[in-house]
Amino acid sequence: MALNSITYQKCFHTSAQQYADNKNKKVIIGMSGGVDSSVSAFILQQQGYQVEGLFMKNWEEDDDTDYCTAAADLADAQNVADRLGIKLHKINFAAEYWDNVFEHFLAEYQAGRTPNPDILCNKEIKFKAFLEYAAEDLGADYIATGHYVRRSADNENAQLLRGLDANKDQSYFLYTLSNQQVAKSLFPVGEIEKPMVRQIATDLGLVTAKKKDSTGICFIGERKFKEFLARFLPAQPGDISTVEGEIVGRHDGLMYYTLGQRKGLGIGGVKGLSEDPFYVVEKDLVNNVLIVAQGHDNSALLSTGLIANQLHWVDRKTIGDTLRCTVKTRYRQTDIACLVEPIDAENIRVIFDEPQIAVTPGQSAVFYQGEVCLGGGVIEAQLK
């Protein structure tokens, strides 16, 4: 398929006037060595922008040779930059990542919650440290990333929108952005679908064309999670108990489990109980007990709502009254119709139209009205 085909032109479409205006604007694209940022850089070029790349190293791997991916990712990013004829800057944000993301990540696990480091990483690194560095040190008018999201406008009222590809939409991870940050950010692949991204990369002959998507912890990579966490937090094994109080096994440490988890519990057949699988329904931090229940539809797994705090609204306005909208309590979840009620300036109560399974403290509740991501908060507690 030729890169000047009608199909591709839909990806790159820019009016003659906009193209001329773009030629005076500098964009720094965060290049991770993946296919999404690679194609994003190319699309920006086609839209007329002055494009330069930035590779961020945010994890020191001196003692981590088994999982050293940063060098390979940098090589891929440099290869793509050379292929596209753009400059690639390098920056080390490891100190910022440790102080502002990873220490919080550990503290949340230690407190028995299940955090989402990608959300905090976007807040503190990609759209704070990166944005500030690009603007102040590199003279950027915009930054760009390979996230599958869109924005509504190029001004202070910019809204964050879901990505065009519903299967890849990443707005859940970006709800902490303000409309000012959205206005200063470009998301080229948010306007197209993933198969087209890979097709463009293939036709360009980019080394990242067939590179698999990363699924590990933000910037740290794909590791054996239990072994990795044990290096930083001492495990405290304890009992696994049913909601009725019967001991049915031993756990390796509460931090290794999340609500709704079924696999990896190590509970065999228990005399007097059915063969239905066990699910984690609660963590008793005081007594170091993991509480389980049988059956996917067990009422112990269900929540009628949640309490959330650490709120971030994209327009940075607080909710003054009740709000009808939809919510996601985890990535890739189907939207849940709900009512949001302000408790005070820092806390909200969310009531689901239908009870939901495995609402997990530490994860984020992200709110939507149609295509617009309104913002969200961190789940503090379930409502039963």
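One-based numbering along the chain as shown.
Just so it is clear, glycine is given a Cβ too, placed from its N, Cα and C backbone atoms.
The following features are taken from Swiss-Prot:
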BINDING   G30, M31, S32, G33, G34, V35, D36, S37, M56, G146  ATP binding site
ACT_SITE  C121  active site, nucleophile
DISULFID  C121-C218  disulfide bond
SITE      H147  site 'Interaction with tRNA'
ACT_SITE  C218  active site, cysteine persulfide intermediate
SITE      Q363  site 'Interaction with tRNA'
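Candidate recorded positions: C121, H147, Q363. Nearest to S32 (ATP binding site) by Cα distance: H147. Of the listed binding-site residues, namely G30, G34, the sparsest Cβ surroundings within 10 Å are found at G34. C121 (active site, nucleophile) falls within a helix when secondary structure is assigned with DSSP. Closest by Cα distance to H147 (site 'Interaction with tRNA'), from the recorded positions D36, M56, C121, is D36.
Between the C-alpha atoms of G30 (ATP binding site) and Q363 (site 'Interaction with tRNA'), the distance comes to 26 Å. Residue environment of H147 (site 'Interaction with tRNA') contains 25 other Cβ atoms, counted within 10 Å of its Cβ in all protein chains. Looking at Q363 (site 'Interaction with tRNA') and M56 (ATP binding site), their Cα atoms lie 25 Å from each other. Residues G30, M31, S32, G33, G34, V35, D36, S37, M56, G146, recorded as contacting ATP, have a largest CA-CA distance of 16 Å.
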